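Some notes on the structure that comes next.
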């Protein structure tokens with residue numbers, strides 16, 4: 001059990017993903033918010049798959065899991081309903097709105113492609129994800145990230161449906177999605193960074209603007225109507241920028257994270273100076289704003305586990321970000337983390353606590369594929385912004401990259417299950433920035449290949465749905 005003045009964190013379930021897990025995403029679409037997807041990445045070394053001539057490249061294996069959450073199954077709330085083997089999954093996102101009546105999941109994979117899968121509802125409330133379209137961006141690189149332009153869950157009628165993606169060559173790719181057929185069309189590709197472009201993300205309030213972060217330590221903004229020159233370049237992070245998310249609740253608010261072990265909060269109208277800077281003692285691979293509480297930010301901090309951050313005073317009063325909850329997982333790297341869109345009314349049940357000094361997670365007996373690590377090469381580039389101080393610990397940049405980059409360990413070496421009924425309250429249309437008693441979240445970790453389901457219990461009784469008239473006294477709907 002991990003606790004803080006803000007509440008208690010309990011682990012409800014641990015699932016062995018067999019391959020190393022790096023991405024986890026709760027479905028945001030109303031009616032399907034009990035579904036959870038998890039993506040994995042595993043490098044198969046030549047000794048595991050020998051080539052006759054010794055020249056066959058190493059294989060990046062992947063698997064996509066689909067789970068259904070049920071509060072009634074207290075022993076195992078997550079039920080696996082599908083698994084699909086594929087190329088390694090490096091990022092994935094659900095589209096926040098149905099497309100032609102269907103729920104879509106987008107994947108960025110190790111074959112350099114973006115793929116779309118359609119959620120199919122079968123008999124007995126069963127679900128499967130079926131491929132519907134794919135677009136190869138570059139066969140000689142990895143697709144490292146992707147984002148939908150629908151992050152606010154609402155959009156202006158004239159706005160097209162778009163995807164932005166980044167790759168291991170430092171390029172960005174803008175794609176258009178045909179809303180009738182779900183076919184993908186490449187609109188533009190352009191060089192954005194000197195080395196790996198770890199992350200690309202939309203400004204959800206003005207989707208012509210996108211942001212990117214790279215292994216060259218740069219955070220950049222782009223206007224997709226006038227490509228060629230970035231709108232801004234910031235080097236406030238002193239190591240590779242690997243996570244970015246625009247706030248879906250407050251215009252102009254942007255969160256970024258880096259291998260420098262800092263989370264920065266920005267007002268995009270003044271990109272020279274961040275609103276706040278909080279050290280998190282781990283490289284920040286993912287950042288996720290809470291779907292309801294405007295000020296809560298979830299950070300996957302690699303070798304330092306994950307943290308829940310309160311950004312309210314930083315945004316409203318230009319004060320520091322507060323770390324509400326921190327959970328370390330010393331035997332692995334946390335790459336994936338996401339908030340559930342469900343408010344759930346689980347009654348107190350016997351749950352086992354997560355001891356930070358003893359992992360205590362007994363997974364099924366599966367052999368673990370080993371990966372080796374090699375730090376990428378880096379460079380410096382002058383920009384308009386001053387450089388910030390380095391991380392508080394004594395690690396050099398090369399040491400950190402060697403320890404934090406299993407996803408790219410080989411980059412420089414090679415040229416029908418039914419879902420249970422769910423008793424939940426849909427909060428996707430609620431507003432207000434106050435805490436509520438229970439939140440569900442999921443994380444996935446790399447070396448121990450485990451997906452964790454957590455319940456964060458806060459001790460504060462505050463108004464959740466200000467002015468919406470929703471009644472949280474009952475969870476039935």
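Keep in mind that glycine also has a Cβ here, set from the backbone N, Cα and C atoms.
Since we're looking at a predicted model, the values are computed, not measured.
What Swiss-Prot records for 194-232 is repeat 'WD 1'. Under the heading repeat 'WD 2', Swiss-Prot lists 236-276. Summarising the annotation, Swiss-Prot assigns repeat 'WD 3' to 422-464.
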- Item | Secondary structure content of the repeat 'WD 2' (236-276), with strand meaning DSSP E or B | 0 helix, 19 strand, 22 coil
- Quick one: mean pLDDT on the repeat 'WD 3' (422-464)? 68
- Query: What are the DSSP helix/strand/coil residue counts across the repeat 'WD 1' (194-232)?
  - Reply: 0 helix, 15 strand, 24 coil
